[in-house]
Amino acid sequence: MATTPGFLTDWPWKHLGNFKYVILGPWICESVYCFVRKEEYERDWTNFLILPFLVSRMVHNQVWISFSRYRTAKGNNRIVDKGIEFDQVDRENNWDDQIILSGILLYVFNTLTYGASNLALWRSDGVLISIFLHAGPVEFLYYWLHRALHHHYLYSRYHSHHHSSIVTQPITSVIHPFAEHIAYFLLFAIPTLTTVFTGTASLVSLFGYITYIDLMNNMGHCNFEFIPNWIFSIFPPLKYTMYTPSFHSLHHTQFRTNYSLFMPIYDYIYGTMDKSTDSLYEKSLKRQEDAPDVVHLTHLTTPESIYHIRLGFSSLASMPENHKWYIWFMWPLTLWTMIINCIYGRIFILERNSLEKFNFQSWAIPRYNLQYLLKWQSQAINSFIEDAILRAEEKGSKVLSLGLLNQDEELNRNGEVYIERHPKLKMKVVDGSSLAVAVVLNSIPKGTTQVLLRGNLTKVAFSLASALSQRGIQVATLYKSDYEKLKLATTSNFVLSNTFDQKIWVVGDGLTEEEQMKAGKGTHFFPFSQLPPKKARHDCFYHHPPAMLAPPSLQNMHACENWLPRRAMSAPRVAGIVHALEGWNVHECGDKMIDVDQIWEASINHGFKPLAFAE
C-alpha cells in the first residue's frame, strides 16, 4: 500500500478475493456462446481469442517468475544481493489483477468499437504504426508521467507502493495502485486504438503489442542480467532504444534516475541517466555462480509440491499447507512434470539464504515421497544424493545437511554410506538427528511424567527415548517387540503399556490411524520424524515435525519449507547451518550424534527459536 493512499488506490474487486475472476464470467460465456452458435463467416475471432490470450499472459508471467527465482538463487549475473521477504510476496500476490483489468477493457472495446472485431491475423501497416507510436509518443509520455509520479504528492499516494520492492522480481513490474494502472492502460492504448480507428489493426498488432510490454516489463524487473555485451558492440545505438535489467534495477535502488520505460534515450536527453548504469551492467554480467557455505538437500514430496516450492506459485509457496481448488484442474500438467522429472530430472537449486556472512542454498532432488518407499528406486536416489555431495564438495561447501527422506536409515544408513565411499571428504555431512531430539525434548510440556513412544524405531527414536528417561520421564510402548528393542539398546526406564490414556505421544513414521483413534481426547502428538503423521483426529493436538524459527537476521526467506509455518526451518536444515557457524569438524551421520544440549544451546545462541514463539 502507498504511504498515503490516494483516490482509487484499491482495486474495485479486492473484496472478492479468489473469486475475482467471476467478473470476466459474463463476457467469457457470451464470447463462447456466440462463437459456437454463429456461422463460420460470422465468428469474431478477436472476441473469442481474448480468454486464451489472458491465459497465455499468466503463463508467460509465471515462466518469468520461476526462471528469475532460479537464476537469482544460483547467483550468476545477479544484480542486487538483498533478499525478498514475506511482506513483499504478500504485497505482490495480486499481480494478476492487471490481467483481469486488461480482459475487461479488451471485451468492452471489442463490443463498443466496430473496428476491433473480426481482425485480420496480420497487417504490416498496423504493425509498423504500433512500433512507431510506441517509440515516439508512448515512450516520451511515459517518461514524463513517470517523473511526475516521483513528485512527492503522487509518489506518496500511488507510486511508492511499487517502490516498496527494492529487490525486484518479474511480477514487481505490475504492482501498482488501480489508478496508476488506468493511466498506463490509457497510455498503451495509443498504438492499439490508432490502428483500430485507421482500419490497420490485426490480431498480431493487438496481442503482440501487449505481449511485448509484458516481455519487457518482466525482463526489466528480473534482477539478473543476461543481455550480452556483444549486442551493443555490434549496434551501439541500441543502448538508447533498449534497456537492460540492470538499468531498471538502478531506478529501484536510486529512485531519481533511469525513468525511461523501455528506451533509455530520454534519460540521456534530459540528464537523468544514472552514472553507474554501465559499470553495474558490466559487473552483473561478470558475476559468477554463488559458492554456498551450507547446502541443504531436500526433495519433492507430493506431485503437487512442484507448485508449492519457491520456484512454483509464490502465493502457495508463501503459505503453509495452502491447498487451492484449482490445483486439481492442473493434473495434466502435474502428470507431465512427474514424467519429465523421472526421465530427465536433475538436482536443482531451490533457494538461497544468508546469515552472519554465511551463504546457504537448498537443493532439491527431483523425486517424490512415493519413490523413496520403492526399493528399486534406492540406487537411483542414492546416486542423486552422492552427486549432490560431490558437487557441494567441489564448490567448497563446509556442510551438507540431509533433509526429509534423504537421511533414511534403510536408504543410506543415515548418510553413513557416502562417508564410507568418500573417506577424504572435507565437507561434513549432517542428518540433524541431535537437533531433532533436542527440539522434541524442549517441546514436551514441563511436568510430564510419562510419554507414549510410537513409530518406527529409528536413530532419533532410540536417542529420544534414552534422553527422556534420563530426564525422569517414563517411556511407554504399545508393542512387546518395540519394548524389547529399547531395553536391548539401553537400560533406561521403559514400560510396556496396555492402555492408550497417555496425554503426550511421541510419534514417528509407522503411526496408524487406528492407533490415533484409540488416543484420549486432547492428546498431544509430537512427531520425531521429518514427515508429519496423517491427522486422524480433530479433538487432538498435532505438533509440527522437529523445526525451529529462523533468526530475524536470516535473509531472503519468503517461502515456507514444506508444511512448516513461515520462517520455520526443519531441524536438519537448522543443524547444518549451526554446524557451519560453530565450525564443528565432525560428521553427524550413521550412528554418530552431537550432544543434544550442546546443539540446542548453540542454535539458541545463533538466534533460532522454538516454534512456540510463533504462536
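Cβ from N, Cα, C; glycine included.
Note on the domain 'Fatty acid hydroxylase' (137-272): its mean pLDDT in the predicted model is 97. Residues or ranges marked as domain 'Fatty acid hydroxylase' in TrEMBL: 137-272.
Positions annotated as domain 'Very-long-chain aldehyde decarbonylase CER1-like C-terminal' by TrEMBL: 451-610.
According to TrEMBL, the feature transmembrane segment maps to 99-121 (among others).
Feature annotation from TrEMBL assigns transmembrane segment to 127-145 (among others).
Per TrEMBL, transmembrane segment is recorded for 182-210 (among others).
Per TrEMBL, transmembrane segment is recorded for 325-349 (among others). Remote same-chain partners of the transmembrane segment (325-349), defined as residues 6 or more beyond its termini with a Cβ less than 8 Å from a stretch Cβ, comprise 70, 73-74, 300, 303-304, 306-307, 311, 361-368, 371, 384, 387-388, 391.
Listed by sequence, the residues of this chain that lie at least six past the ends of the transmembrane segment (182-210) yet keep a Cβ under 8 A from its Cβ atoms are 8, 45-46, 49, 53, 57, 101-102, 105, 109, 113, 115-116, 119-123, 125-127, 129-130, 133-134, 137-138, 141-142, 145, 176. Across the domain 'Fatty acid hydroxylase' (137-272), DSSP classifies residues as 94 helix, 2 strand, 40 coil.
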